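Peer 1: Before I ask anything, let me first share the structure, which is written out below as structure tokens.
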Amino acid sequence: MFGDRQRPMVLVLGLGESGLAIARWCARHGCRLRIADTREAPPNLAALQAEGIDAEFVGGAFTPALLDGGIELVGLSPGLSPLEPALAALVAAANEQGVAVWGELEFFAQALRALGTSGYQPKVLAITGTNGKTTTTSLTGLLCQRSGKKVAVAGNISPAMLDRLAAAIDETALPDVWVLELSSFQLETARTFAPDAAAILNITQDHLDWHGSFDAYAQAKGRIFGATTTRVLNRDDAAVMKFAPAAGAADAPRTVTFGLNEPVQDGDYGLSRDNGIAWLVEAVDRDAPDEAATTTRRRKRDAHTPDIAQKRLMPADALRIRGLHNAANALAAFALARAIDLPAAPLLHALREYRGEAHRVEVIATIDDVDYVDDSKGTNVGATVAALDGLAQKIVLIAGGDGKGQDFAPLVAPVARWCRAVMLIGRDAPAIRDTLAETGVPLADHVTLEGAVHAAADLAEPGDAVLLSPACASLDMFRNYAHRADVFRAAVDEIAIDKGATP
């Protein structure tokens, strides 16, 4: 994968999970390594040394001098923002010298291409979006497994792609299907990545400090598509639909949409409601010839007017994951699996089986007919909007933390519609309070999450939910979102004990 270069000199910037994976991958291919990190002693340095990887380590600020000594390739960790001045100067210097800058995803794409010369041709499915990535990735992996495929799930979800690929090679167990969760950070440096099918679930404000603007963030998401990649797009999201090819465009890639309304284009997916029951459905042209995989049909672009029927797949209530947003995630996963011609029957069985991921609209207890819901992974406004609208019941919301410069205005409508009260915590509680004041919903400030949970429990009525969906990052008060969830769960356990219930 390194062409004709013998033992090329590679500079790896950043020693997080992906940086360590890049270093391991390069070392196994005989590369000489220089690893740089702004930290003098990054946590993964000990792991690198324990594995016996021979590498020069340089701690401290990045400078173009790191390229000295014959660097032929730069591996860039996804957590490093290209807008950071020192990194931007280093990357510019690399470009001037003709030194390629790859992220882990590009290393992975190049590795698959090299393996392809030996006959390895797996299917690759990829998922991105502001929210729902992990759920949809895990669900897609399960669907493919239940269809009899050997599957590897990797990327932003962990493990790192290169680590998973190395393990598969060592075990002589290369998968039939790769299912990759990809963040905007990982996609920023994508160059030749071209999966068989890829989905963008949604695009709302997030990571603007890293990308610099919403447009730059959205464009990074769009790098998930290659020229021939089947595009699976959320038609309810205008920012996502900008990646739909123009109608009638020559050589346009195959496109499938999903949404929470009835689909009207042959091969699209959505929800149909009949007698109070919501169904997951596929739009089918009654006049189209039968084919083994409906999503691989090319839409007719002639004068033919399709006679669309709504083919029922399963009731939405049969899903074990709650909320309309999760119905959309299920449709996206189903569309991806069908895009690589997997049969529908085992996919539908798997949809009924999947129980969801921790900290993602997860009901952790029901006490006195009040649901306690952990959505600590809801670290941006879009995630909290989805949780509120998806639960569709009266809610006492707990929100707040580090808002990362977001606009909280999208919370106004769902809070006004669904919330009985809002408990505010963390650094940006005042900003959220100012935004939500117009809703007329009672707002209360709390110094601790524990206090907010107990106050929420006192306000909740039977049939309500107490929802931790902060719309913010956690680092102003907690180690990470999982620590925040642990504190929430401990408080719920206390409430259960106080009420003589079993959480």
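Cβ atoms are placed via backbone N, Cα and C, with glycine included.
Copied straight from Swiss-Prot:
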- G129, T130, N131, G132, K133, T134, T135: ATP binding site (BINDING)
- 289-308: region 'Disordered' (REGION)
Peer 1: For G129 (ATP binding site), which residues in the same chain are close in space, meaning a Cβ under 8 Å from its Cβ, but six or more apart along the sequence?
Peer 2: T136, A199, I200, L201, N202, I203, K221, N234, V240
Peer 1: Give me the sequence-ordered set of same-chain residues, not including G129, T130, N131, G132, K133, T134, T135, with a C-beta within 8 angstroms of the centroid of the ATP site's C-beta atoms.
Peer 2: I127, T136, L201, N202, N329, A383
Peer 1: In DSSP terms, helix, strand or coil for T134 (ATP binding site)?
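Peer 2: Note: T134 (ATP binding site) is helical by DSSP.
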Peer 1: Just to verify: the residue among T130, N131, T134 with the fewest other Cβ atoms within 10 Å, which of the binding-site residues is it?
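Peer 2: Least crowded of the binding-site residues T130, N131, T134, by Cβ count within 10 Å, is T134.
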Peer 1: Taking the Cβ of K133 (ATP binding site) as the centre, count every other Cβ atom within 10 Å, in any protein chain shown.
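Peer 2: Cβ-Cβ neighbours of K133 (ATP binding site) within 10 Å number 23.
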